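What TrEMBL annotates here:
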TRANSMEM  12-34  transmembrane segment
TRANSMEM  59-84  transmembrane segment
TRANSMEM  114-136  transmembrane segment
TRANSMEM  151-171  transmembrane segment
DOMAIN    160-210  domain 'Fatty acid hydroxylase'
Amino acid sequence: QGKKLSHALRISAYVFSAGLLMFTALVNSVSWFMQNITLGNFWQTKWLEFYDHMEGDEWTIFLIGAALVPALAFWGFNGILLVADITGKPTFITRYRIQLGKNDPVDTKKLWKAIYTVLVNQLFISFPMLVPMFYIMKWWDSTFSKELPTFQWFLVELSIFTVVEEILFYYSHRLVHHPVLYKHIHKKHHEWTAPIGVVSIYAHPIEHIVS
């Protein structure tokens, strides 16, 4: 077990180091291009137009960015996949199923149950969690400035939070695989042994919050 852990840590260190080197090599040229050619000015201008249109209403801006945009992205992508799951078409998508022949087509009764659970998780768990998050951000002085961060800083934040999210999800997911928690909480998620896109957040409310 110790050897496996050591091997996993060495691989993780290698991947992280390689990613860091690539990031360092690209960040200066990419950030300079994004910030100083056209795109940086383009997004700054659009942001100011949006900010003025919202009359600087920070709660509305936060709600759009933290609730509406992720929801549209989730249902936009998964809506396309749902068409493929229900109809079995287009074949240029369905042929790439990992588990061919399963959920093909998907059981609509089971699917509606999953969609109901997903909507409950989004509307009655995710959304209420955003309310205290807004005030935490205000307290942290993470305000909605009229000036966008530099593209370089955006890449730094994206890199940090990607690593943090991966680590927290990995260990919280291992936690809910503990026999006690699995039986009462995580088993719900594994009702779909051949999962489809929309069931990525088909889970017990406690798991949705924690993991």
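Just so it is clear, glycine is given a Cβ too, placed from its N, Cα and C backbone atoms.
With a cut-off of 8 Å between Cβ atoms, the residues of this chain six or more beyond the transmembrane segment (59-84) that come close are 50-51, 90, 93-94, 111, 122, 126-127, 130, 133-134, 137, 144, 196-198, 201. Only residues 6 or more beyond the boundaries of the transmembrane segment (114-136), in the same chain, are considered here, and those with a CB under 8 A from a CB of the stretch are 58-59, 62-63, 66-67, 71, 74, 192, 198-199, 201-203, 205, 208-209. Secondary structure by DSSP for the domain 'Fatty acid hydroxylase' (160-210): 40 helix, 0 strand, 11 coil.
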